[in-house]
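Student: Just passing along the structure, written as structure tokens.
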Amino acid sequence: MKTYEYVLLVIILILSLCYFIYNNFLNKPKAPERRVVATDSIVELMEAEKLTAAVFFGSQTGTAEDFAYRFSTEAKANFNLTNMVFDLENYDLTDLDNFDRSKLLVFFLATYGEGEPTDNAEAFLQLLEGDDTVFSSGKGIEDTPFEGIRYAIFGLGNHTYEYYNAMAKKVDAAMTRLGATRVGNLGLGDDAAGMLEEDYLQWKDDTLPEIGKLFHLQEVHKEYNPMFEVIEKPEISNTSSTVFLGEPSRQQLKGNVASKAPRSQANPFFSSPVRSLELFKSGSRNCLHLELDIADSGMRYQTGDYASICPMNPSQAVDDLLEVLGLKEKRDTVIIVKPIDTLDKAPVLSPTTYDTVFRYYYEICGIVSRQLLSFIAPFAPTPESKQELEKLGNDYDYFKKNVVDLHLNLAQVLRRVSPDAPFTKLPFSMLLENMAHMKPRYYSISSSSVVHPDKVHVTAVVDKKEWTDKNHIFYGLTTNYLLAHCRHMHGEKIPHPNGLEYTLEGPRKNWTGKIPMFVKKSTFRLAPPDVPIIMVGPGTGVAPFRGFVMERANLASKGVKVAKTLLFYGCQYSDKDFLYKEEWQQYKDVLKDSFELITAFSREQDHKIYVQHRLLEHSDTIAKLVEEGAAFYICGDADHMAKDVVNALASILTTVDVDGMKAVKALRDDNRFFEDTW
């Protein structure tokens, strides 16, 4: 072949290659891409995205957000209701008066502290309740600017607080006052009664059909339609620097977190415990004291604030769930999770792994929801397991007896209904859509910020509950995680007495010996030193009061005159579970007669004696201090102790002319009555 023929052949090959590339890649029509309009106006965004409903959440720990997404998913699946979930603080809602009257607003609102809005809902409440609020059309509150707007609302609260579900009630009242009309009942979820899930299901089952009627939407019961695509990427190593292995944010993964960025669950401080003690070990009960270094965190706390601990799930729980799903061999397989509708938010940071999702990002140790079991039933491996899951999902009494009362998690229920066959057909996306995300746990800081500005002290009883007749043990998530750190810190060969194991080294061994945490502000504040205080805190409820007394002792040591500081403390035995027993005497030595500790040991006599009984025994002292302007504090169990203490206080304050409960309310209104209960 001659030279020019070679050249001609090469040219033909090049042209053919170019044509192939152009025809198959460059000239390939692109799939239509749906983009969310960049605006902070809900009115504009809903119009641009052709949405029928906007679902808002006001959430402190993420629970209200989880419910909002669950509602959004079910509304789309069962009623074809086009909607999107929004964080209240991310949007300018002054133009809500221009909201399309043919559309719907839905609110999921948690109440925080003493009837306060969550941080991300504070501005929204101020907008609705402000006397000088002017909306975009120029209308004020008195002009009923929301006339014709329809809304639905579900609140998350705790009935043991006086201001039960105050946020939902306030927003509901404000929306009505502004002219809006509520669809369905005002949903009031009660976390204290353990009925939050059931309260939500009842409200949702009543409200969704009402919404369907409003928009002429027929309820459809179609097969499961995933919101997210879960794509396995076996070609990507789980050691790749791009894979999330438990990092709480993209900035954390990349290592470029701004030094002054606010601390939160997405940007926790990794604190080194500098001291740890087990204050008592009594049978199956033990109590921890941990001191966490925050010197380089950029955080500052005030006495009475919370230490927010970001836990992880124990390895045993992760293994159990992976095994029952048939994913144990794939635990380290890299997966990418993508929303099918680009309006939706990805539920986890990805790429990640199956192991990581269950270890760090989701709550897998808590009681499984009844609704999730009913969703899983069609994917059960056997007819028998399907039938059992359907019964658990549809019969609340049966579910309560066999799941709630035993504190069973998802893996434990699935293993019981199908001991031999794994749930290999269960879509992973269904779990991502319906399980709760991992949330921080709040612990009252047990130190004084004046005495220990660079250290946060945490006091916690390790949670363990055993049903010997059922061969089942429930372990508290965060307290057992902290116990593992405590044992690790002391270098014990058996790191955990309950046999639980944790990857304390964290992702890529970057957390070794450190606990992810941040400080959460509280309204539980120590009164000025010249104000008498009465504190009631049995068990670990004494934690914030240790900080209070510590601070007053510090002030007294500097010559500051301190008013009466009266502490009522209770536990089971004086020689077994008396927290900080020697320490109280040290404070007494400094504070002298201004400090008094009154104890109640419930099991040292034939009849039980609790702190409320001691209050009644010291009625005259308490009444006198209240008359002198004392502040009254309660910390601890909400279901029984707090109620009994309030009743005792009301009894003490009752006179011929004064109703005791009204007197307690007057203390609240005067900012002299504080509760921190759970």
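Every residue, even glycine, has its Cβ placed from backbone N, Cα and C.
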Student: Based on Swiss-Prot, name the residue from Trp584, Trp678 that is recorded for the same FAD site as Arg441, Tyr442, Tyr443, Ser444, Thr459, Ala460, Val461, Gly476, Leu477, Thr478, Thr479.
Tutor: Trp678
Student: Say Swiss-Prot lists Arg285, Thr540, Ser602, Arg603, Lys608, Ile609, Tyr610, Val611, Gln612 as binding NADP(+): which of Asp319, Asp639, Asp644 is in the same site, per that record?
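Tutor: Only hit among Asp319, Asp639, Asp644 in Swiss-Prot's NADP(+) site, alongside Arg285, Thr540, Ser602, Arg603, Lys608, Ile609, Tyr610, Val611, Gln612: Asp644.
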Student: From the Cα of Gly113 (FMN binding site) across to the Cα of Gln612 (NADP(+) binding site), what is the distance in angstrom?
Tutor: 23
Student: In the structure shown, which of the binding-site residues Ala110, Val461 has the fewest other Cβ atoms within 10 Å?
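Tutor: Counting other Cβ atoms within 10 Å of each of the binding-site residues Ala110, Val461, the minimum falls on Val461.
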Student: So among the binding-site residues Ser59, Asn158, who's got the most Cβ atoms within 10 Å?
Tutor: Ser59
Student: Please report the distance from the Cα of Ala110 (FMN binding site) to the Cα of Arg441 (FAD binding site), rounded to the nearest angstrom.
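Tutor: Cα to Cα, Ala110 (FMN binding site) and Arg441 (FAD binding site) are separated by 16 Å.
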Student: Do me a favour and check the Cα-Cα span between Ser602 (NADP(+) binding site) and Val461 (FAD binding site); whole Å is fine.
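Tutor: Between the alpha carbons of Ser602 (NADP(+) binding site) and Val461 (FAD binding site) there are 17 Å.
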Student: Give the maximum pairwise CA distance in Å, whole number, for the residues Arg441, Tyr442, Tyr443, Ser444, Thr459, Ala460, Val461, Gly476, Leu477, Thr478, Thr479, Trp678 listed as binding FAD.
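Tutor: The two farthest binding residues have Cα atoms 17 Å apart.
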Student: Ten-angstrom check, please: count other Cβ atoms within 10 Å of the Cβ of Tyr161 (FMN binding site), all chains counted.
Tutor: 18
